[in-house]
Amino acid sequence: MGICDPIHQLGMWDDFNSSFPSTSATMILEVDKCLEDQIPIMEKRLDNETEDTSHGTVGTSNRYEPETSKPVEKVLRRLAQNREAARKSRLRKKAYVQQLENSKLKLIQLEQELERARKQGMCVGGGVDASQLSYSGTASSGTAVFDMEYGHWVEEQTRQTNDLRIALHSQIGEAELRIIVDGYLNHYFDLFRMKATAAKADVLYIMSGMWKTSAERFFMWIGGFRPSELLKVLTPHLELLTEQQLREVCNLTQSCQQAEDALSQGMVKLHQILAEAVAAGRLGEGNYTLPQMGPAIEKLEDLVRFVNQADHLRQETLQQMSRILNTCQAAQGLLALGEYFERLRVLSSQWATRLREPT
């Protein structure tokens, strides 16, 4: 079973005003001025030559006309080409400057959102001691970005769920519905890629489910939903399944359960090994150095692979269900899945409100 391991990089733009050469603009202006000075002279010279030709003999005009007109036309054509090249160069420079400015604004906005998310994380974790804060500060930069991206992901999922609901009620064409279904699936795949990046920054944060609501955390399995359980949730909402489809859904559910059992057994074994590694220190030392905690840290790195494998199983399950079902059935299943998570989030909100009410 493969492991999804995307790599995200964030490039930094250098300051354009301090690095972009200013001489190019001056050169362009000088070329324009030179062209503007030369064109009237050329036009006047052509007028004089035309006047002289009109007063001269016909034989002389016919004799020297090819030699005179060809160089002049060539020069004028070259001057026109130079002016057009200078104009295009100015337009390219203007577009490049605008692109740099837009990139700077986006980068500043991202840094501001990241700083706000980091401050919010510090407020939420205000109950821990200073040593925990100093440790979590090194890992929170990656998880803060994930928190911000996941918040946007939930908002987009809510919008896509509403679009899917409207599409099913309006009975649009199958081709249009397939576009919506594929977009909904890709939205889940984006989440798996986001989680893979965040797990490398702090896998325990992903495993803890602190980025989800309390009701969602209650049903979590290795950093996300259990595929076989969600198949049971959405299958009753599918209409007119054929016998072949029912068999394939049943086989898929059994395959998911077997894969889940294998991963769960591996997690139990990893839990035992990690506990033994942490407890391996001598009694009374009190000085927990990095070499002493090295074996435990290596086991936490193994935990990243478990999270990625679990997400890979979730992605494969969604893809297989999309293959088994027709377009309308797939839309119904994804709508049931989206509304299920919406109900869990509403349940968490209502439960939290109930706890704040006076008894």
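Here the Cβ of each residue, glycine as well, is placed from N, Cα and C on the backbone.
Feature list (source: Swiss-Prot):
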COMPBIAS  44-54  compositional bias 'Basic and acidic residues'
REGION    44-72  region 'Disordered'
DOMAIN    72-135  domain 'bZIP'
COILED    73-125  coiled coil
REGION    74-94  region 'Basic motif'
REGION    100-114  region 'Leucine-zipper'
Review point. When DSSP states are grouped into helix, strand and coil, how many residues of the region 'Basic motif' (74-94) land in each?
Key: 21 helix, 0 strand, 0 coil
Point to revise | For the domain 'bZIP' (72-135), mean pLDDT (0 to 100) | key: 68
